[in-house]
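J.: Submitted below is the structure of interest, expressed as structure tokens.
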Amino acid sequence: MGLSVIILAAGQGKRMASSTPKILHPLGGIPLLERVVNTARLLNPHTIHVVYGNGGSHVREKLNYLPVHWIEQSQQLGTGHAVLQAIPFCQNEDRVLILYGDVPLISPKTLNSLLENTPSNGLGVVVAELPDPTGLGRIIRDDFGNILSIVEHKDVAEHQLKIREINTGIMTTTAMNLKKWLPQLNNNNCQKEYYLTDTVALAVAEGCPVGGVAAQCCEEVQGVNDRWELTKLERYYQRLMAKKLSLAGVTIIDPERFDARGENIEIAPDVVIDVNVILEGNVQLDRNVRIGPNVILKNTTVGENTEIHANSVIEAAVIKANCSVGPFARLRPGSVLEEGAKVGNFVEMKKTTLGRGSKANHLTYLGDTIIGKNVNVGAGTITCNYDGANKWQTKIEDGAFIGSNVALVAPLTVGKNATIGAGSTLSQDAPPDQLTVARERQRTIKGWHRPTKKE
């Protein structure tokens, strides 16, 4: 018996008050639907079907990299109708698992428990007990605790309102059962929709075993209906990430002011992360790295014993061991700092390699530049890499010394151990082991008087 997963993702999401389809809104930097797909893939299904509606082609275009079978529900007539669109693509003998694109934190552990504890011919649902179940379908049991049915909130009788055990919507049964039950559904309810939950009563009527598996926590089955619910779930997720990292040996100064936005974040023990740090995409921090406050790291690797000072923004960079960056530094994509390199305050780099032991400490722009080892780049140095049409490369060889306020008009090469005098503007190569100065000689104009205002 193979596993086929159906993810329902066709809801309109009106309460999000957004032009972006709800399932494309991110949690922890990843779209809600993508999170559910990633969890489903951990179960090794042979197929993942996604039933989509609201947002249509926009959803598919944005998430076209996902390994799923897309099925459009042109009319949103309820969850039962949505599953009916996908079930023809499932083999009769398949075990079908139904998930929701706006329930992003469901855990593989809970889903495995559901699959393992549901008889091969039975029906299983994930349930949860909430202090306030308002708006959610209730689990109706008999005097012996057996599940009889699920009643949606709008159809709940007054005496059932006190029930706090709710249906999460997550369900598993065979494809054959669903092919038999789904055509029997009707829309005789307050919402005039075909409820998937009505299959529970049909199963009970047939004598089919129906069981419930409890969620590990309320948050893992929390659906996202509006921005506030998403905000609360985001903070819960970030606390989980902070706890996980802390237990692995990472110091998080304040878990409430830490954000990890990506799946591939690897942090070694003895790393210290100060407040308001954002980690995005693929981030790797080696041992003894220190990240100052208000730092953004995106798709970046940082070597051991390196310190990133406050208010630095770093994207798609490689920073090797024993480096220092910032404060107020910006490293754009393609920046590489070799071991022991130093980038100081108000320095910007793009597509630039700063060699071993080299430093650019202040007020500098380095673009499309290859810098050797033990180079000193003085304050105010600018590589003029763009001529209005094309980008050009600057090369600064080992041991060079660039004075303050120097403009290097690419393409050019500064030779090994060359010295460039402060205030120079170079448009040609500077030879090695020589002092190159390109500025007008200082002069004083005698007898000059400052202009005065006319009376």
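Just so you know, glycine gets a Cβ as well, placed from its N, Cα and C.
Not my notes, these are from Swiss-Prot:
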REGION    1-227  region 'Pyrophosphorylase'
BINDING   8-11, LYS22, GLN73, 78-79, 100-102, GLY137, GLU152, ASN167, ASN225, ARG332, LYS350, TYR365, ASN376  UDP-N-acetyl-alpha-D-glucosamine binding site
BINDING   ASP102, ASN225  Mg(2+) binding site
REGION    228-248  region 'Linker'
REGION    249-455  region 'N-acetyltransferase'
ACT_SITE  HIS362  active site, proton acceptor
BINDING   ALA379, ASN385, TYR386, SER404, ALA422, ARG439  acetyl-CoA binding site
J.: Mind checking which residues reach the region 'Linker' (228-248)? Cβ under 8 Å, same chain, six or more beyond either end.
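T.: Same-chain contacts beyond the ends: 16, 25, 27-28, 104-105, 219, 222, 255-256, 258-260, 265, 267, 269, 273.
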J.: Between SER404 (acetyl-CoA binding site) and the residue listed as 'active site, proton acceptor', what is the CA-CA distance rounded to a whole number of Å?
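T.: One finds 9 Å between the Cα atoms of these residues.
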J.: Acetyl-CoA site residues ALA379, ASN385, TYR386, SER404, ALA422, ARG439: biggest Cα-Cα distance, Å?
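T.: So the maximum pairwise Cα distance among the acetyl-CoA binders is 22 Å.
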J.: Write down the Cα-Cα distance for ARG439 (acetyl-CoA binding site) and GLU152 (UDP-N-acetyl-alpha-D-glucosamine binding site), rounded and given in Å.
T.: 81
J.: What does DSSP give as the helix, strand and coil breakdown of the region 'Linker' (228-248)?
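T.: Its residues fall into 20 helix, 0 strand, 1 coil.
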J.: Just checking, which of ASP102, GLU152 (binding-site residues) has the fewest C-beta atoms within 10 Å of its C-beta?
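T.: Among the binding-site residues ASP102, GLU152, the lowest count of other Cβ atoms within 10 Å belongs to GLU152.
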J.: Given the binding-site residues ASN225, ASN376, ASN385, SER404, which one is most crowded in terms of C-beta atoms within 10 angstroms?
T.: ASN385
J.: Provide, as an integer number of angstrom, the distance between the C-alpha atoms of ASP102 (Mg(2+) binding site) and TYR386 (acetyl-CoA binding site).
T.: 46
J.: Output the one of LEU8, ALA422 that, of all these binding-site residues, has the highest number of other Cβ atoms within 10 Å of its Cβ.
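T.: Max Cβ neighbours within 10 Å, all protein chains included: LEU8.
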J.: I'd like to confirm something. Which of the binding-site residues, ASN225, ASN385, ARG439, has a Cα closest to the Cα of ARG332 (UDP-N-acetyl-alpha-D-glucosamine binding site)?
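T.: Checked the binding-site residues ASN225, ASN385, ARG439; minimum Cα distance to ARG332 (UDP-N-acetyl-alpha-D-glucosamine binding site) goes to ASN385.
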J.: Can you name the residues of this chain that are 6 or more positions from GLY78 (UDP-N-acetyl-alpha-D-glucosamine binding site) yet have a C-beta less than 8 Å from its C-beta?
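T.: Spatial neighbours, sequence-distant, of GLY78 (UDP-N-acetyl-alpha-D-glucosamine binding site): ASN187, GLN191, GLU193, TYR194, TYR195, LEU196.
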J.: Please tell me which one of the recorded positions listed here (ASN225, HIS362, ASN385, TYR386, ARG439) sits closest to ASN376 (UDP-N-acetyl-alpha-D-glucosamine binding site), measuring Cα to Cα?
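T.: Closest by Cα distance to ASN376 (UDP-N-acetyl-alpha-D-glucosamine binding site) among the recorded positions ASN225, HIS362, ASN385, TYR386, ARG439: HIS362.
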J.: List only the single closest residue to LEU8 (UDP-N-acetyl-alpha-D-glucosamine binding site), chosen from the recorded positions ASN225, HIS362, ALA379, TYR386 by CA-CA distance.
T.: ASN225
J.: Going along the chain, which residues six or more apart from HIS362 (active site, proton acceptor) have their CB under 8 A from its CB?
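T.: Same-chain residues close to HIS362 (active site, proton acceptor) (Cβ under 8 Å, separated by 6 or more) are GLY344, ASN345, PHE346, VAL347, ALA379, GLY380.
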